[in-house]
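In TrEMBL this protein carries:
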- 117-521: domain 'Major facilitator superfamily (MFS) profile' (DOMAIN)
- 115-135: transmembrane segment (TRANSMEM)
- 155-175: transmembrane segment (TRANSMEM)
- 182-202: transmembrane segment (TRANSMEM)
- 208-231: transmembrane segment (TRANSMEM)
- 243-265: transmembrane segment (TRANSMEM)
- 271-290: transmembrane segment (TRANSMEM)
- 335-356: transmembrane segment (TRANSMEM)
- 376-397: transmembrane segment (TRANSMEM)
- 463-490: transmembrane segment (TRANSMEM)
- 497-516: transmembrane segment (TRANSMEM)
Amino acid sequence: MANGFTSGSSCSSFLQVAGHLDEKILKPLATYPQQRRGRCKCCLSADPSLGSWLRPNKGKCQHFNHVKAIRTRTYYKSEEYDITEPAAVDSMKAAEGSSEVVLASSWWEQVPKRWVIVLLCFTAFLLCNMDRVNMSIAILPMSQEFNWNSATVGLIQSSFFWGYLLTQIVGGIWADRIGGKVVLGFGVVWWSIATILTPIAARIGLPFLLITRAFMGIGEGVAMPAMNNILSKWIPVSERSRSLALVYSGMYLGSVTGLAVSPMLIHKFGWASVFYSFGSLGSIWFALWIKKAYSSPKEDPELSPQEKKLILGGNVAKEPVSVIPWKLILSKAPVWALIISHFCHNWGTFILLTWMPTYYNQVLKFNLTESGLLCVLPWLTMAVFANIGGWIADTLVSRGLSITTVRKIMQSIGFLGPAFFLTQLSHVRTPAMAVLCMACSQGSDAFSQSGLYSNHQDIGPRYAGVLLGLSNTAGVLAGVFGTAATGYILQRGSWDDVFKVAVALYIIGTVVWNLFSTGEKILD
């Protein structure tokens, strides 16, 4: 063949053609392990290192068959190229371009799989609070359309907690037995469907709306126990605080997103659009979850051996449980420290987040628009400080401080910080300082994500779902009772009295936590 590689061609001709190939292809050529010693008949004058690439084949130089580049194999068939023909150059350029596309498309694979799981959980919690807070905005036009009074509005708002309370412990048991992937996936699908059905139920009648909201609570009730279960298996202890902080910050940002986007959707498309649009996002998340998530590293066929070794080295017990040892669990003082501390923590948190708009309006004399905007500030503050606290906690653990000491430090900040700033509210003289105190109170509260919220996985990784279900049940009850008690106190007292009760519970929680909590595993 004219200008082709024939039996009389030298290796220098081949190297001229190879010069057109990208350096990314030539480099593996030079280092490919030799399988044969010696050189082919047409390459006697060539560098011996090329001998294994060139094989005698009826007078022709048969060059390489395949090249491995960055975990992706790209095959190049043995062809006779004429370097003077444009088609040959175009063919080589096409091969080079396709290689670059393959290399660029593999960036997702470089993300550690455990952090893919964390990001998916973060997104689930983002959707969780978006779907939860949208009712607080949509209830205003809904009450006008359906002529609901204040008592009916309160009944609708509280109906969510009927289902939410039912599935805290059940969701934890389910997750610990069959795995967090199934339970969290079920929860997101369930509450997304309930969200979409909300406008339809409201138009059918009030009883149907109450049932739908309770059903939504059932779906969201399993989310936290399931998430805690799956992260207990995927995240080593050195990354536990920051992973949980990131996931929980999804809740805070979900509230910000819901409060910010809902008014715009209602203004442009009507109140029903909030439920349809937010609920439909769950289907997108579920498709990614089914494809990418696994309940434990042992079930993931795509997980690299290095990452699996890292994860399993930090978490010894990985098998699902068949029987929940209730007597053993409830006999442990650190478990009761979790339950009591969660109650004390959520009393103050729910009061601030539920009654904050009223406080801004009645005490600081802000109008409703300003109150709504300022309500977003604590959520943003909590999202930022939760991640700062997670980074600090993991850094302290990596530097040799005991997990018990780290958990006590972080939760003490989460208790005493809000207590201090709430006591300052009665002394401030300007609305700006009052808002600053509220934001600082919630910001320091977010350190609890690296304290009690991380402790379930410390003391019993195999029962992390059940433990969170137990403590969060107490936390939800604190929110229900605390919200009602605040209204009762305000009828007979003042806001200072409300804050004094919260401060007293924060101090009780601090004492109980520091006396009885531990970062060591007590449940095997």
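Glycine residues also receive a Cβ, built from the backbone N, Cα and C atoms like all the rest.
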With pairs restricted to those 6 or more apart in sequence, evaluate whether the transmembrane segment (376-397) and the transmembrane segment (155-175) have 3+ C-beta pairs under 8 Å.
no
Stretch of maximal Cβ-Cβ contact with the transmembrane segment (271-290) [cut-off: under 8 Å; candidates 155-175, 182-202, 208-231, 243-265]:
182-202
Residues of the parent chain within Cβ reach of the transmembrane segment (155-175), under 8 Å, 6 or more residues beyond its termini:
132, 135-136, 139, 148, 183-184, 187, 206, 209-211, 213-226, 228-230, 324, 463-470, 472-473, 476-477, 479-480
Does the transmembrane segment (208-231) reach the transmembrane segment (463-490), going by 3 or more CB pairs under 8 Å (6 or more apart in sequence)?
yes
